[in-house]
């Protein structure tokens, strides 16, 4: 049967299955259970039935497990499914769970073409076996389905039409009004870095300084400092700009937190317990998070630091539980403090929160200059970070790995949502109940309340999103029936908050003109990958973001309208670039890009347009290259001969690591958080994440382009990356703009990768070194099989031994 495009939302209810066995007793089940017992040796088995929803081979929903209800399992569970798939059937699969996996009972098929008219289908569907014959008891499953095609959504392609936009629906946290947001590029910005960027109302863009603001927030807290991190390192200092000193600014983070705790401030920290850092695997952990050092530093002090493993929610199989605790992480990066009132009321306090991509750890402090060699005797002498070369050290010299990141400060009612997220996580994994009871402090700390009036031109509406499940957050509903009411999704016996993915999907679907993404990873929608050397259905990187982006571009090509997607990723994911895990991720990235370019090329041909697909979708990375200056730090030792390290040192170049997790849509809406564009971050039941989505109701892209803080922030980022500003940057969707940016990035790539170097690189934005063939295949750029100075393939390589769940 022909595959039909499903792009929109599917509402599905799975009610029950009737007569799963006939009058002859549950023979089928007895046999099944005996087989499982024999195979596994797990003792007497019980039936554990669950049902799944698949669009062809992509799993889009699953019910809870029902124990010992062999003949008439009744789930009565509803699902709200975003779809961007090709499918001929919606498939309902009934399975019996066991400790190692699951046994198929049968499948029921509802043809997609019956859904297209948007009418509700409510029916009993026959359950068939592998050969498409009815299972022997003539059993049926009762389901209800209704499909809402994306163009029927009144927000499709309309942007945020007014200040009455209610936010992303079906989420745990609703949108908050009257907030204030500060946007940060990098941990620090020196004075006078940003040129004049005009905003609406005759104003100019003013940058903020992240680690200075975090330092002030911690220093001035009087009641509580709550921190979560993938990594927190006590030895770093937050203040390092000699031109902007602060009283007490030379203190390390660890000493600052101890000092605040000794003053009576409640300091609580949840730091990911990197299980790989235990025992023989590796002394400093696969990812060197310093988790045990940090715990040790705060022992017997007033700071309560809890190492927090990524525990699975109850109900996974033995194998799944092992996967979650050893493969997945706590990735949220938040700081929550009490703070003075903006009006100077010295008695009352409010809550202020920070959310984004920056961990408070080593290797993160940087400025938009992203120097490789010139800060090695100052800001980075005691914070030399270079995990891409074995044995790299300050003694052997640069290049260090520069770090580009994005973060935010949230004030107003949204800040309390971040606090509530911390409280949920502490109650689940923090051990002792040490949380400050705000009710007892209500005469001091105000309740959640706006920090700006709705008619203030600088006010923000903000919504908090997460990827997290009941294994990491206390207070999620116990039953799947209650999950949708709380804006949550039910999984196989766990309740999941997957709202970060929902927020991205909604923002892409609303987009009118352009999308600008910076992210540490870009892979997913594996249901759309070519089966070249893999079985796409085995990969399970099913989040929709890449496919939603290409479907958005396709809709614009069909309508004859301009639309451009700009995506900035690192040259390679941090680590030894030749290693199997880095190469595997690059392979998934290539497959994702290729799926999108094939979609675009097909659409251009169908519409008779001859144009470079890179005018619609274009990928970049960041890099720097510096000539040697007199008076530069001279290392005492040299790297080993014939290594990537010595080659990069001699060529005076290295990538700038893009760690950001940000998307800007039409200069009116921004998402910033900890979540990467991969399955780990978007799944909800893998890495735990947090993000915010925000806009300024008085600066929407309705009648004319938006010129609020988000526009200023994007222009400031483009200035950082390109070393200049151009009039065309005001309209990123225009052919003039995308051609200009692509040309500059190609020029900078040529300078970066050339044999010789006469001047510093004039900008950091480099063309991602791939080609796009006439059918959309992603190819090597001529002469660029490997990244400069390495033997690491740009297009990556499939790993034969690392499971996809680890690298997607």
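Every residue gets a Cβ built from N, Cα and C, even glycine.
Record note: Swiss-Prot gives 370, 404, 720 as Ca(2+)-binding, and the candidate from 153, 186, 191 in that site is 186. Taken residue by residue, the domain 'C2' (1-125) breaks down under DSSP into 17 helix, 67 strand, 41 coil. According to its DSSP assignment, residue 666 (active site) is coil. Cα proximity to residue 520 (1,2-diacyl-sn-glycero-3-phosphate binding site) (within 10 Å) is found for the following active-site residues from 331, 333, 338, 659, 661, 666: 659, 661. In the domain 'PLD phosphodiesterase 1' (326-364), the DSSP tally of helix, strand and coil residues is 2 helix, 16 strand, 21 coil.
Taking CA atoms as the reference points, residue 331 (active site) and residue 338 (active site) are 23 Å apart. Other than 331, 520, 659, the residues of this chain whose Cβ falls within 8 Å of the Cβ centroid of the 1,2-diacyl-sn-glycero-3-phosphate site are, in sequence order, 230, 357, 521, 660, 661, 674, 676. In the predicted model, residues of the domain 'PLD phosphodiesterase 2' (654-681) average a pLDDT of 98.
A straight line from the CA of residue 659 (active site) to the CA of residue 338 (active site) spans 28 Å.
Remark: of the active-site residues 331, 333, 659, the most isolated position is 659 (fewest other Cβ atoms within 10 Å of its Cβ). Within 10 Å of the C-beta of residue 338 (active site) we count 26 further C-beta atoms, all protein chains included.
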